[in-house]
Every structure is written in C-alpha cells, then in structure tokens.
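Features of the protein shown, as given by Swiss-Prot:
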type	residues	note
DOMAIN	180-305	domain 'Fatty acid hydroxylase'
MOTIF	194-198	motif 'Histidine box-1'
MOTIF	207-211	motif 'Histidine box-2'
MOTIF	282-286	motif 'Histidine box-3'
TRANSMEM	88-108	transmembrane segment
TRANSMEM	136-156	transmembrane segment
TRANSMEM	173-193	transmembrane segment
TRANSMEM	237-257	transmembrane segment
Amino acid sequence: MDLVLEFCDSYFFDYVYATLLPASLSPKMGGTWQQAMIKEQMVNATRVFGRSLERPLEVYGYAPFMFEVSPHAFGSVLPRYSLLRQSLSLFLVTTVFGWLLYLIVASFSYVFVFDKSVFNHPRYLKNQMSMEIKQGLGAIPYMAVMTVPWFLLELHGYSHLYMGLELNVRGYVRLALEALFFILFTDFGIYLLHRWLHWPAVYKVLHKKHHKWLVCTPFASHAFHPIDGYLQSLPYHLFPMLFPLHKVSYLVLFTFVNVWTVMIHDGEYLSNDPVINGAACHTVHHLYFNYNYGQFTTLWDRLGGSYREPDHELFDSNLKKDKAVWEQQIKEVDEMIKNVEGPADDRVYER
C-alpha cells in the first residue's frame, strides 16, 4: 500500500495537509501536541534505526521511493510518517478507490455483460438494484476503517511484501507461483469464513444482508454487512503477513479480487467449468444458500461436501429464463428460506 500512498501524497495529500494544517500552526497548538509529535518522531526513528541494522529501510514516510519530494511534503504539522495522517489518508484512499472500483466495474458489467432478463425473475426484489448500490456504497467506508490497521502494518514493515524482482524466467515464475498460492490460500480462507457465516446465529446477524438478493445484479457484489465484507477480506490481508508477495502483484491481485467479485454476481454463465467457481456456481449459492461457499475454485467445496453443480438450464440462453425453470427454482428457494431464515420472509418482490 506504500506505493499507492506515496503517489497520493506526492500529487494530493502533501498539498492538502500543508494547506489545511501548515507547519506554522505548531507553536499555536500547545505543548501537549508538540510533545506528542516529538515522542512519535523519537519512537519512529528508533524503530527505523533498529530495522536498518538488518534490512533496508521499510517504514513509510521518511524517505521517498518513487517520486521527487515537493516542498509541501515538509509543510504540515502532520508529516508523512505521522500515524494520524497515515490512518486518515489510508481511510480516504481505501474508501474513494473502493467506491470507484465498485461503481466502474459493476457499471461496466451491467452495460456489457449482465443478463437483464433477471429483472423478470419472480424473486427479483422491488427496487433491488438501487438497494444494492445503497448497501454497497454504505458498507465500503466502514470496511475501510477496519482495514486501515492492516495497511498500517504494511507501511511499517511488518509484512513480507517486497519490491525488487529478477527480470528473468526465474523471477517471472516466482511471481506466477506467488499469485497461484495467493488464490489457493485466500480461496481456502474465504471458504472457511463463508461457511461459518452460514451458521444460523451468525447468518441472521451478519450474512443475511447479502442473501437478501436471491437473484443478483453486478451491484450485489459489495452489497453486504460491512463486518461480513471485512471478515471475508481477512485472508487477503493475512497472506502478505505470512508469505512473500511482490508489491505490484499485491495491488494487481486486490484489483482482480474486486473485479472477480463483481463477475460472479453478473448472471452471465459463460462456462460450466468443473474447477472454476464462476457466476453459475455463485448463483446456486444465492438461490439455495448452503452450497458453493468458495470464491475462486470448487476445490474446497468438493473436499468439504458442499459443492453443487449448477443446473444445466443455466447455460442455455432460452431455458435459463423459461418460466417453468423459474417456477422450479422458486419452490426450492422458498423451502430453503423457511429452513434457513424461518417462516417469515421480509423481502418485497417486484412481481
């Protein structure tokens, strides 16, 4: 995350902090503030010195990495290495980029990929897409708050993220293996967490908000309880704390994860692949609840006995919107709702 933060600091935050909280305010802010800042500088300097004995400087905010430092970088009472500034900046970056990525990818999917016959499905909710967007946009800032501590750990050198790379076959193979391991590790972690979220007591408190959508639009991808979304993101943050991962790969994979999350909610069933947990598998999960908990592959569902092969009608452009097929889905869906949520269904359907 240091690459993103340095870019944002260089082109935006340095100027903003220097303008709103200039260094000239320091004498006016009292001894307590100055003592706190001096203490933080001493603690950070000690930490940097201690680590520099064993490995290169990894604590963000003391030395530039990619960009030239402008005068604004030293013009605020909150320098780049300030935990308060880093926390605020990371929250803003995570929230704004989260919103943009969600809206751009989901909108692209809606226009170019999404099968709009879903709107005619008997279990499509009244005003569903607007509710999905409202829920998604509302969840992202809360998720950002909970995610900031992980990014702070990365900024202060507590992860295994690295930047150098051998520009040869060995280096590229390493990147590929890291990405593959990332997918397998996070897929397993999400499988366990997702299955736990379906325990009745947990489901009703956290995960039910996401299962409000029985048939989905791309905007359902991030429409969940913020704690639910945060918990399912934990494997992505835990991985670089345990295993090496290139910093650029980290950013690419995080972007891919968000794109993939939209794709499995787009209702376009391109392939009935026995390995990939695509949109068809995830549609089965939303319709029938207790199957296909995985995010990327069917591996852990197969091993855990929770895999359900998508109905062949989903892959036929005519049959998947056939009224008889929908009626059969409704029977099983309604029975599953009673078993999982109880006899009262608080959803308001379009039809």
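Each residue, glycine too, has its Cβ placed from N, Cα and C.
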Three-state composition of the motif 'Histidine box-3' (282-286), taking helix and strand from DSSP:
5 helix, 0 strand, 0 coil
For the motif 'Histidine box-1' (194-198), how many residues does DSSP put in helix, in strand and in coil?
4 helix, 0 strand, 1 coil
With a Cβ cut-off under 8 Å, give me the same-chain residues at least six positions beyond the ends of the transmembrane segment (173-193) that come close to it.
165-166, 231-232, 234-236, 238-239, 243-246, 249, 253, 257, 277, 293-297, 299-301, 304
Cβ-Cβ under 8 Å with the motif 'Histidine box-2' (207-211): same-chain residues at least 6 beyond its ends:
135, 197-198, 220, 223-225, 228, 286, 289, 341
Beyond the flanks of the transmembrane segment (136-156) by at least 6 residues, Cβ under 8 Å:
1-2, 5, 47, 58-61, 83, 86-87, 90-91, 94-95, 98-99, 102-103, 106, 219-227, 229-230, 233, 237, 240-241
When secondary structure is assigned with DSSP, how many helix, strand and coil residues does the motif 'Histidine box-2' (207-211) contain?
5 helix, 0 strand, 0 coil
